[in-house]
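Positions annotated as transmembrane segment by TrEMBL: 55-74, 86-106, 144-161, 168-186, 238-257.
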Amino acid sequence: MLFQNNGAYPFWYKIFSVPLKWVQKLIPWLGENIYGISEITYRANTGSGDTLFDYVTTLTIFIIALIGSAIWSLIDRKALNYKRLYYWLTVALRYYIGLMLISYGFSKVIQLQFAYPGPYRMLSEIGNTSPMGLAWTFLGFSKGYNIFMGIAELLAGLLLFRRTLTFGAILTLMTTLNVMAVNYFFDVPVKLVSTHLVLMTLFLLSRDLKKLVLFFFSHTKTALSVLKRPKYNKGISIALNSIKALLVGYVLIYGFISAREAEKLYGSKSEKPILYGAYKVTGVTVNGDTLYNYKDYRLWKNIGVQWQGSLRIQRYSAPKTRYYGIEKDSLQDRFKLTSWGTPEETFYMNFKEIDSASVHFEYLDKNDTINVFTKKLTKKDFILSEREFNWISEFPYNR
């Protein structure tokens, strides 16, 4: 909760910034001097929650928790219960899970996390797709399924209210188990966080576990109890309720607005780059002569443009697709392409839109003039986007 907050608590990274910096220095030191692991490096904003740094941090917290629990048990042996501490622990867990999943829920309802497959994905061969890429393609294809997943995650908001805690925890357990399964079996690097979400949800359910077993398996009449908040004076109670209302309201309003803004920045409503789309190469000429040799690296197979500043080229002679950074050379009225993998591979290219369905590319390779003729593909050119929903199907359409 403290070190992988994932935006659950508003402004948390600003409030907790100093301790986070200490941890970022402490973990590599512990790795080298205590655990014997020298290559631990903190990497910010990589998109992965399963870095070596994250695993060592989790191990360190676990060891500290074991030692702390043992010391606490020895010092405070006379305590009969920890009802107040238990209550506030459940509050921290409920809000961590609930607010995080609300944020993820908005990103699915508006289809930000799993975007519809763009030109790059449409041109990719399934054998050259990573397991995570395959999962993102499958989940991103259907807007309806995104809304379904988003609503399921938004229902984690039921955890924020004591009367709906158990029902919300049951729904959240099913949701987080599914997320964890996808992360595990499609190698999505968020295994630590999703596993913790499942374990935290199970902890919230544990107080009613016996009653749930009786209800589902013994057909015994039973009633769930409401988690009681410790008694405070009227002023503190009003303050706590006000803070809760402000927090929940802020998360809901800000979460929705920020998701809408993100949709305009990099979602389906974002500004598309010049030449956005997928292009099938229909012919290549070298100094005016048609190129037929499939082993020649100059014979391109297709071109894709999806993001600002990048272009994708697939050649017949190479099994893997090459990605290039692309920038406009205004002085020469041309584009400069630089390979992402090998920056020394640079060339300049011009293009000309012959009509709405055809684009002609031209570039120099050493002393040769290369012309690439293409056809712009539409959604109807791909089975994935051409196939629509059907109530009636006499035969399965499985391609």
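Just so you know, glycine gets a Cβ as well, placed from its N, Cα and C.
As the structure is a computational prediction, the values presented were derived from the model and not from experiment.
Comparison of 55-74, 86-106, 168-186, 238-257 by number of C-beta pairs under 8 angstroms to the transmembrane segment (144-161) places 86-106 first. Between the transmembrane segment (86-106) and the stretches 55-74, 168-186, 238-257, the greatest number of Cβ pairs separated by less than 8 Å involves 238-257. Among residues of the same chain six or more beyond the transmembrane segment (238-257), those with a C-beta under 8 A of the stretch's C-beta atoms are 10, 95, 99, 102-103, 106, 157, 160, 232.
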